[in-house]
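Data first, discussion second: the structure below is written as structure tokens.
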Amino acid sequence: MGKRASKLRPEEVDELKAHTYFTESEIKQWHKGFRKDCPDGKLTLEGFTKIYQQFFPFGDPSKFANFVFNVFDENKDGFISFSEFLQALSVTSRGTVEEKLKWAFRLYDLDNDGYITRDELLDIVDAIYRMVGESVTLPEEENTPEKRVNRIFQVMDKNKDDQLTFEEFLEGSKEDPTIIQALTLCDSGQA
């Protein structure tokens, strides 16, 4: 509490207000909780994975948590700072549909080449299925990661080149909102 570094400076609050959908009081509340859980101001992959394990106790969220961690860690320093955490949280919980889709696209585009390949999507969908474990019963046509990926590509890959551009991803998500709901695991009730 008496440490200067543990308190947000007014200019940091102003910057976060400008780059997120949170109010000043919300930013300060989130910061208080973040500093409580991460006294050094850095959220590690291990800590991030533990958070996911609390929400998905019946599956193995480690692979998916790693993918999400990599998107939260904007500067790729191996840690999530409070600013990185709050900006990602802002998009995923309060962002527009298009902002959420851009964020999701970055999550699925594992090699950051501007396309989502079948293999990348299979990696993500497999991680999601492992994370939810047996807690979700899926219809026969989507009960394996491979079937799910095939269905998504059938709907989204308009030019049939086995990779999705952001435009294809965006249009496909608008045509079939259930695809993005199943993929993002974002709380759409907070949009």
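Each residue's number is its place along the chain shown, starting with 1.
Even glycines carry a Cβ here, placed using N, Cα and C.
Annotated features in Swiss-Prot:
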LIPID     G2  N-myristoyl glycine
DOMAIN    24-59  domain 'EF-hand 1'
DOMAIN    60-95  domain 'EF-hand 2'
BINDING   D73, N75, D77, E84  Ca(2+) 1 binding site
DOMAIN    96-131  domain 'EF-hand 3'
BINDING   D109, D111, D113, Y115, E120  Ca(2+) 2 binding site
DOMAIN    144-179  domain 'EF-hand 4'
BINDING   D157, N159, D161, Q163, E168  Ca(2+) 3 binding site
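This view paints the features noted in Swiss-Prot onto the structure.
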| residue | record | Cβ contacts under 8 Å, 6 or more apart |
| --- | --- | --- |
| N75 | Ca(2+) 1 binding site | S81, E84 |
| D77 | Ca(2+) 1 binding site | none |
| D109 | Ca(2+) 2 binding site | Y115, I116, E120 |
| D111 | Ca(2+) 2 binding site | E120 |
| D161 | Ca(2+) 3 binding site | none |
| Q163 | Ca(2+) 3 binding site | Y115, I116, T117, R118, D157 |
| E168 | Ca(2+) 3 binding site | M156, D157, K158, N159 |
CB contacts under 8 angstroms to D73 (Ca(2+) 1 binding site), restricted to the same chain and 6+ apart in sequence, sorted by sequence, are F79, I80, E84
For the domain 'EF-hand 1' (24-59), the averaged pLDDT of the predicted model is 95
Taking DSSP H, G, I as helix and E, B as strand, the domain 'EF-hand 4' (144-179) contains 25 helix, 2 strand, 9 coil
Counting only residues outside D109, D111, D113, Y115, E120 in the same chain, those with C-beta within 8 angstroms of the Ca(2+) 2 site's C-beta centroid are Y108, L110, N112, G114, I116, T117, Q163
Per the Cβ under 8 Å criterion, with at least 6 residues separating them from its ends, the domain 'EF-hand 3' (96-131) contacts 52, 56, 59-61, 63-65, 67-68, 71, 88, 144-146, 148-149, 152-153, 162-166, 169-170, 173, 180, 183-186, 191
Simplified DSSP label at E120 (Ca(2+) 2 binding site) comes out helix
What DSSP reports for the domain 'EF-hand 1' (24-59) is 25 helix, 1 strand, 10 coil
Judged by other C-beta atoms within 10 Å of its C-beta, the most isolated of the binding-site residues E84, D113, D157 is D113
DSSP says E84 (Ca(2+) 1 binding site), in three-state terms, is helix
Same-chain shell around Ca(2+) 3 excluding D157, N159, D161, Q163, E168, C-beta within 8 angstroms of the CB centroid, reads Y115, F153, M156, K158, K160, D162, L164, T165
If you count the other CB atoms within 10 A of the CB of Y115 (Ca(2+) 2 binding site), including all protein chains displayed, you should get 18
